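What Swiss-Prot annotates here:
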- Asp12, Lys34, 60-69, Ser117, 170-180, 193-194: substrate binding site (BINDING)
- Lys62: active site, proton donor (ACT_SITE)
Amino acid sequence: MERNTCMILALDVTDREEALKIAEDVWEFVDAIKVGYPLILATGLGIIRELAEFAPVIADFKVADIPNTNRLICDQVFEAGADAVIAQGFTGRDSLDACIEIASEYRKDVFVVSEMSHPGGADFMQPVAEAIAKMALEAGAFGLVAPATRPKRVKKIRRIIGDKLTIISPGVGAQGGKASDVIAAGADWVIVGRSIYKAESPKEAARQIAEEIQAELRGEY
């Protein structure tokens with residue numbers, strides 16, 4: 001996945017036409033579109049290929065099962081046209097290996113959740129986040145998911161993985177995270193959802209956040 005705008009759109013809507021219209025409006029400001037269960041369950045896997053006409057698609061299924069089931073899920077996701085899948089790390093190395101094995105067959109990527117962005121993400125996941133990051137590094141994942149709502153945690157994860165893995169960081173906007181803060185902490189991409197797709201003008205909202213990110217990268221913050 002190419003790093004240009006450093007922003008990923010989390011497209012958590014449930015209407016096909018709305019999803020495609022938003023993607024058409026904001027594609028120039030995002031490096032990828034992340035879709036999850038809400039949109040896929042409402043419209044079917046076919047929406048992945050439709051959205052892929054605008055930007056690479058990350059399937060946020062937080063895959064978390066035994067290895068064989070993980071293989072089946074990832075195979076379906078990549079066959080549908082996704083460029084990457086998000087998997088949980090707490091299921092262990094063999095389950096993660098299964099996801100990475102299928103991804104490699106398709107020449108696609110796997111992101112591993114180290115810690116989620118909501119307040120409850122600190123309850124049980126934070127104590128094991130660093131171990132998950134080390135496991136993802138050893139397993140050869142493409143990147144990690146770390147919370148934009150807690151930039152210090154992003155910085156900690158970055159110290160563990162160095163420059164060997166990428167970090168995508170959800171929680172910017174509606175959850176309280178600030179794009180420039182998390183980029184400064186070491187994230188490669190910020191993930192933004194409601195602040196864009198619920199805006200009166202998704203295109204303008206995306207443009208403003210993209211400008212904030214680029215200003216941080218230029219050292220203007």
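Residue numbering: from 1, along the chain as shown.
Placement of Cβ uses the backbone N, Cα and C atoms for every residue, glycine included.
Mapped onto three states, the DSSP output places Gly177 (substrate binding site) in strand. Annotation for Ser117 (substrate binding site): same-chain Cβ neighbours under 8 Å, separated by at least 6 residues, are Pro147, Ala148, Thr149, Arg150, Ser169, Pro170, Gly171, Gln175, Gly177. The Cβ of Asp12 (substrate binding site) lies under 8 Å from the Cβ of Val35, Gly36, Pro38, Leu39, Gly193, Arg194, Tyr197, each of which sits 6+ residues away along the same chain. A C-beta separation below 8 Å, combined with a sequence spacing of at least six in one chain, links Lys62 (substrate binding site) to Ile86, Ala87, Gln88, Val113. Neighbours of Gly177 (substrate binding site), defined as other CB atoms within 10 A of its CB across all chains, total 24.
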